[in-house]
Every structure is written in C-alpha cells, then in structure tokens.
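Taken from Swiss-Prot, the feature Ca(2+) 1 binding site covers ASP30, ASN32, ASN34, GLN36, GLU41, and the record attributes it to sequence analysis. Feature annotation from Swiss-Prot assigns Ca(2+) 2 binding site to ASP123, ASP125, SER127, THR129, GLU134. Per Swiss-Prot, the feature Ca(2+) 3 binding site maps to ASP159, ASP161, SER163, GLU165, GLU170. Look at Swiss-Prot and you will find 17-52 tagged as domain 'EF-hand 1', backed by sequence analysis. Per Swiss-Prot, the feature domain 'EF-hand 2' maps to 53-88; the stated evidence is similarity to another entry. Marked as domain 'EF-hand 3' by Swiss-Prot on the basis of sequence analysis: 110-145. Taken from Swiss-Prot, the feature domain 'EF-hand 4' covers 146-181, and the record attributes it to sequence analysis.
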Amino acid sequence: MASKYAVKLQTDFDNPKWIKRHKFMFDYLDINGNGQITLDEIVSKASDDICKNLGATPAQTQRHQDCVEAFFRGCGLEYGKETKFPEFLEGWKNLANADLAKWARNEPTLIREWGDAVFDIFDKDGSGTITLDEWKAYGRISGISPSEEDCEKTFQHCDLDNSGELDVDEMTRQHLGFWYTLDPEADGLYGNGVP
C-alpha cells in the first residue's frame, strides 16, 4: 500500500515532547484513573463508546475492534494485563519502529489498517473521503478533539492536497509523523488538544 506522502522516518523517542504526547494518550486511555491501562479499557472506549456513538454497524465495529486490538497489541497491551506508563512508552517505541519499517517498504501498517477501518465508519456518504463535519463528529464523540477549533486545526493539518476533504492516506501520513517521529509537518495535529 504505497503512499504518495513522505514522512520523517527518524524517531526521537527521548524528546520530552514525544514522551509528554504519549503520557497524554496514556492518561486519556486510563478510563478508571488507576495509573494503569489494559486492552480491555481501550477496546471498551473504541467499541462501546466511539463506534456505537458514531452509528457503526456491527461489522464495522468488529473490523474496528480487530484493528484496535492489533494496534495496541503492537504496543504490548493484552486483555486483563495492567500496563503502567513506562511499559506503555516502550511498547509505543516498538510499534513505531515496526510500523515505520513497514511504511518505508510500502507495506500496510497497523496505523493504516486502523485508519481504513475508522474511515469506513466516518465516511457516511461513501465518497472515500471525509468532510470537516464528519471529522467534527468523531472529535466530539471520541474526546480527542473536543473543541470545534481543534477539529478544524486537525482537518487543516491533514488536508495535504488542499481538497477540502481528507482521505485515509493523508490522515495516515500525519498520524505517523505525529505519534511516531515528531515530524514537524504533523506538529499541532490535534490543535491544542494533544501536546
């Protein structure tokens, strides 16, 4: 699955900004606030909260859940296994290295497969792209971009071809850069919502 968009492939795992970004995500995923996360918590949020509230079909929800499970297992998470932040961070490093190696070889990445699944849910009109309104619905429901301003900033950041709509390739490129490598082209991806 080749991409027309280049991404910075060098990681910067010791950068305090990268660590802070992942600490934000860890805290966001720690639903019960006990300082540990499990795959159970993540799947519950993804399937029971987000997919349900976006009106996903059972098939879409299952596909999305399969991708969420694969992605976070790539970070070392499992059902029933409590993971603290240092272990979570190490897992992200492993996931980032594995996905970036796949990206460099034009192979499907876990983040792209998850993107394909979530796009199928967002894309209500079946156009193959999502609109700003479709993105705003996700941002509001997921809580990752809770304000209209943050949603608009994310959308603008990801609209690499300036078409006024987003395709999964644009979103994947920006998320790889944001979560994996601190690519300056992806900085500010979630507006003020995520460091």
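Positions of Cβ are set from backbone N, Cα and C atoms, glycine also.
Features recorded in Swiss-Prot, as mapped to the structure shown.
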residue	record	Cβ neighbours (10 Å)
ASP30	Ca(2+) 1 binding site	19
ASN32	Ca(2+) 1 binding site	9
ASN34	Ca(2+) 1 binding site	11
GLU41	Ca(2+) 1 binding site	19
ASP125	Ca(2+) 2 binding site	9
THR129	Ca(2+) 2 binding site	18
GLU134	Ca(2+) 2 binding site	21
ASP159	Ca(2+) 3 binding site	18
SER163	Ca(2+) 3 binding site	10
GLU165	Ca(2+) 3 binding site	17
- Message: Other residues near the Ca(2+) 1 site, CB within 8 A of the CB centroid of ASP30, ASN32, ASN34, GLN36, GLU41?
- Response: LEU29, ILE31, GLY33, GLY35, ILE37, THR38, GLU82
- Query: Looking at the binding-site residues GLN36, SER127, which sits with the largest number of other Cβ atoms within 10 Å of its Cβ?
  - Reply: GLN36
- Query: Which of these binding-site residues has the least crowded Cβ, counting other Cβ atoms within 10 Å: ASP123, ASP161, GLU170?
  - Reply: ASP161
- Note on the structure: Same-chain residues at least 6 beyond the ends of the domain 'EF-hand 3' (110-145) with CB under 8 Å of its CB atoms are 1, 28, 49-51, 53-56, 60, 63-64, 66-68, 70-71, 74, 95, 98-99, 151-152, 154-155, 163-168, 171-172, 175-176, 179, 190-191, 193-194
- Item | Candidates ASP30, ASN32, GLN36, namely the binding-site residues, that fall within 10 Å of THR129 (Ca(2+) 2 binding site) by Cα distance | none
- Task: For GLU170 (Ca(2+) 3 binding site), identify the closest of the binding-site residues ASP30, ASN32, GLN36, ASP125, judging by Cα separation.
- Result: ASP125
